[in-house]
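Step one of this worksheet: look at the structure below.
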Amino acid sequence: MPEPKGQDLDFINFVHSHLIHLEWPKLNSLAHGLTPFRVNHILVKTQKDHVLSLEFFTWAQQTNPNSQTLETHSIILHILTKSRKFRSAEALLKKSIIPKCLDSSSDLFDSLVSTYRLCNSSHRVFDALFKTYAHMSKFRDATDTFCRMRDYGFLPKVESCNAYMSTLLGLNRSDIVLSLYREMLKCRISPNIYTLNMVICAYCNSSRIEKAVEVFREIEKVGCRPNVVSFNTLIDGHCKMGLLNAAMKLKSSMPNNGLYPNVVTYNTLIHGLCKKGKLHEANKLFCEMKAANVAPNTVTYNSLINGCSEFGDSEMGCQLHMEMVKNGVPVDILTYNSLILGLCKDGKTRKASYIVKEIGDKEGLVPNASTFAALITGQCKRQNTERAFQLYKTMIRRGYHPNSDTFITLISSFCKNEDFEGGAQILREMLDRGQAPDSTLFVELFEGLCRCGNSKMVERLLRDMEARRLNREGFDESMLMKMSSGSNR
């Protein structure tokens with residue numbers, strides 16, 4: 001930045017004098033004379049007082065917005081980060097600077113580089129930029145900044161890398177997490193336990209459980225100690241892969257590391273066991289949890305109730321619900337949906353209706369798509385297609401969209417009651433939503449329509465599928481056409 005001369009120099013000195021004496025009324029009369037060149041030099045002159053620099057920067061921005069450029073913003077960032085005011089720098093980046101650099105993050109980075117020596121700055125300014133991009137979920141900009149920092153020898157802090165990893169995991173981008181981790185190791189940025197836990201999580205999310213175990217075993221080798229989150233993350237990974245024995249062994253090894261299972265540990269294992277139908281083992285773990293003075297929460301009870309409902313023990317599900325209420329554990333819509341599903345599967349639709357009424361009496365709770373799906377399943381199980389169809393219509397009116405399972409349950413129920421035209425109506429609505437049942441249900445419905453002499457509807461449905469370009473593989477269409485032509489003879 002060239003040295004000021006003549007009128008520029010006089011103006012800068014004059015404003016600086018008023019500024020250090022906080023003579024804002026006098027400064028207001030000079031606002032029209034501000035230029036980017038003058039503002040930049042005034043900021044450099046006041047850089048040792050970051051509070052005054054920021055006040056002047058804000059005042060100039062408000063009184064004469066055209067007096068600031070990317071270079072101006074770079075200078076104030078250098079001043080703030082050099083004074084270790086990282087939150088202020090990151091807030092400014094997020095609110096005012098990054099939104100104005102939509103075309104290219106490299107322009108901002110280049111501007112920071114060109115003003116770096118002018119402010120005798122700290123490399124932490126680049127770290128603040130990288131971290132802010134991470135928090136804003138700007139993947140490309142964050143990655144580009146990381147690479148350019150590496151090229152200039154300005155390595156980000158491990159905490160900033162962790163912030164980026166955390167954002168990526170929240171958006172299910174485990175692939176970028178693992179790439180970043182490899183780059184960190186190449187750049188010799190030492191990971192901490194938070195880094196390693198996220199890497200374990202990324203490998204688990206990618207179904208690479210062996211690599212997750214490998215990182216877990218190397219925790220102590222890199223100077224860290226595993227914590228409860230380390231164990232919980234790896235236990236969750238094993239449960240999702242159905243490796244329940246290995247998950248239980250991990251829980252048993254926690255005391256050897258001076259750690260004890262918490263509510264997340266127990267919830268993860270109970271959920272995994274219930275999904276596999278191992279209700280006895282899940283209940284045993286539930287008892288162990290309470291004996292260890294780890295209080296079960298809504299997630300614990302929901303997993304157990306859902307397990308009971310899925311595997312035909314609605315009575316036990318209801319008992320767990322009563323225990324939940326008695327112990328003051330909050331009940332949510334997932335609890336009620338699991339109860340309703342279990343009762344409906346057992347054919348106890350009247351009791352399920354009472355539960356639905358109870359939902360209506362609870363403040364903040366309303367039946368959702370899953371509630372209706374469970375009720376429809378119950379009525380179909382009783383072969384009460386008329387009531388099931390009424391529930392389906394109510395579901396649509398309330399703005400909920402049935403999934404393919406609900407459609408298939410309804411169509412199958414209509415076919416069992418030999419109401420093939422009703423089944424065809426549901427099928428058309430299913431096709432309208434871009435979904436199609438499997439070949440077995442097609443054949444059952446189409447055969448029934450043909451027997452009833454309604455082969456034209458079969459042809460119409462086939463044309464509808466063709467028009468919507470839905471997958472018609474998996475069933476013998478020529479056979480269906482023969483059936484329809486046969487019924488016309």
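From the backbone N, Cα and C atoms, a Cβ is placed for every residue, glycine too.
Each residue in the repeat 'PPR' (122-156) has a pLDDT score, and their mean in this model is 92. The feature repeat 'PPR' is assigned by TrEMBL to 122-156 (among others).
Residues annotated as repeat 'PPR' in TrEMBL: 192-226 (among others). Residues in the repeat 'PPR' (192-226) partition by DSSP class (helix H, G, I; strand E, B; coil) as 25 helix, 0 strand, 10 coil.
Here TrEMBL flags 227-261 (among others) as repeat 'PPR'.
Annotation source TrEMBL lists repeat 'PPR' at 262-296 (among others). Nonlocal intrachain contacts for the repeat 'PPR' (262-296), taken as residues 6+ away from its ends with a CB within less than 8 angstroms of a stretch CB, comprise 228, 231-232, 235-236, 238-240, 242, 244, 247-248, 251, 254, 303-304, 306-308, 310-311, 313, 316, 327, 329.
According to TrEMBL, the repeat 'PPR' annotation covers 297-331 (among others).
Sequence annotations record features per position, and here TrEMBL assigns repeat 'PPR' to 332-367 (among others).
Using a Cβ-Cβ cut-off under 8 Å and counting only residues 6 or more beyond its ends in the same chain, the repeat 'PPR' (368-402) has close neighbours at 333, 336-337, 340-341, 343-345, 347-349, 352-353, 356, 359, 409-410, 412-414, 416-417, 419, 422, 426, 433. Feature annotation from TrEMBL assigns repeat 'PPR' to 368-402 (among others).
Marked as repeat 'PPR' by TrEMBL: 403-437 (among others).
Per DSSP, the secondary structure of the repeat 'PPR' (297-331) breaks down as 26 helix, 0 strand, 9 coil.
Across the repeat 'PPR' (262-296), DSSP helix (H, G, I), strand (E, B) and coil residues number 26 helix, 0 strand, 9 coil.
Sequence-distant contacts of the repeat 'PPR' (122-156) (same chain, at least 6 residues past either end, Cβ-Cβ under 8 Å): 77-78, 81-82, 84, 86, 89-90, 93-94, 98, 105-106, 108-109, 112-113, 116, 163-164, 167-168, 171, 173, 176, 180, 183, 187, 189.
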